[in-house]
Amino acid sequence: MTTEISNGEAKGHHLSTIPSSITLSAEQFEKLYLSPMMRQQPSLARKVGNPTPLALGGFVITTTPLSCCLMAWRGSSGNGIAFIGPIIFLGGLLLLITSILEFILGNTFPCVVFGTIGGFWFAFAATMIPSFNAAAPYSSSATSTTAGLTSASFMNTYAFLFITMAVLMLIFLLCATRTNVVYTLIFLSLLLVFLLLSAGYWRLGEGDAAVGDRCIKGAGASLFVASLLGFYLLIAQLFDAVGLPITLPVGDMERFWPRSQK
């Protein structure tokens, strides 16, 4: 208690205490960090900021315009070559930074998710940059990246990367069932994205433009759904972060899996 002298009178004021750390419940932890709470909450997580919204922000800023491009809205084309900058600095870099921060906090699952998806964005952008010379050898002149990106041999080859990413998304999908419904649906949407992209590239490689283009547009639609779910999850986390009296449900899936403590 402190004492203040005003006009010869003493006035007492009680000091207020501001908590320096907050302990989260298992459900709150899984909603904010997108990772099952497998052990006691680390002390560092109670003192520092939550990095997960940073990755979600980078994800939605990248996937939303790219999905519109894949669906050819407003005459857009190029399979995302116009978004090389955002793909590198928003999709790749922000997810990589978040992956490192999640590693420091001990959150293995989001660390792996954000790190691998961020790495994919870097690789995807690098393929379209002429200085990497990834697509140019597939062109008839062996020097044109633009022509190489649309060549049959390149598409037939690059589709294997999408198939591999689809397998990875399936693994993430299974792991995400320990967290919440929204996060699980994001990986389900991404699984469809990579399956449709691989199918589209193989059909285009075979010269079947009609089916190939439909598959690419279907991949764009699935990616758009994933971006909308990402926006929802981002809003839910930021509302909690600033203490708004609005709680958006994300569908906690604890009822399907028993919690294990380590």
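Cβ coordinates come from backbone N, Cα and C, glycine included.
In Swiss-Prot this protein carries:
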- 53-73: transmembrane segment (TRANSMEM)
- 81-101: transmembrane segment (TRANSMEM)
- 109-129: transmembrane segment (TRANSMEM)
- 154-174: transmembrane segment (TRANSMEM)
- 181-201: transmembrane segment (TRANSMEM)
- 219-239: transmembrane segment (TRANSMEM)
Practice prompt. Determine which residues of the chain contact the transmembrane segment (109-129) at the Cβ level, with the cut-off under 8 Å and only residues 6 or more beyond its ends counted.
Written response: 33-36, 52, 55, 58-59, 62, 80-81, 84, 87-88, 91-96, 98-100, 102-103, 135, 145, 149, 158, 161, 165, 168, 172, 175
Fill in: Distant-in-sequence neighbours of the transmembrane segment (181-201), which means Cβ under 8 A and at least six residues beyond its ends
34, 155-156, 158-160, 162-163, 165-166, 169-170, 172-173, 211-216, 218-219, 222-223, 225-226, 229-230, 232-233, 236, 250-251, 253
Discussion item. Pairs 6 or more apart in sequence, C-beta under 8 angstroms, 3 or more of them: is that satisfied by the transmembrane segment (219-239) and the transmembrane segment (53-73)?
Written reply: yes
Worksheet item: Do any residues of this chain, six or more beyond the ends of the transmembrane segment (154-174), have a C-beta under 8 angstroms from a C-beta of it, and if so which?
Response: 113, 116, 120, 123, 127, 135, 138, 148, 184, 187-188, 190-191, 193-195, 197-199, 201-202, 204-205
Fill in: Chain residues outside the transmembrane segment (53-73) and at least six past its termini with a C-beta under 8 angstroms from it
79-80, 82-83, 86-87, 90-91, 93-95, 97-99, 101, 110, 114, 117-118, 121, 216-217, 219-221, 223-224, 226-227, 230-231, 233-234, 237-238, 241
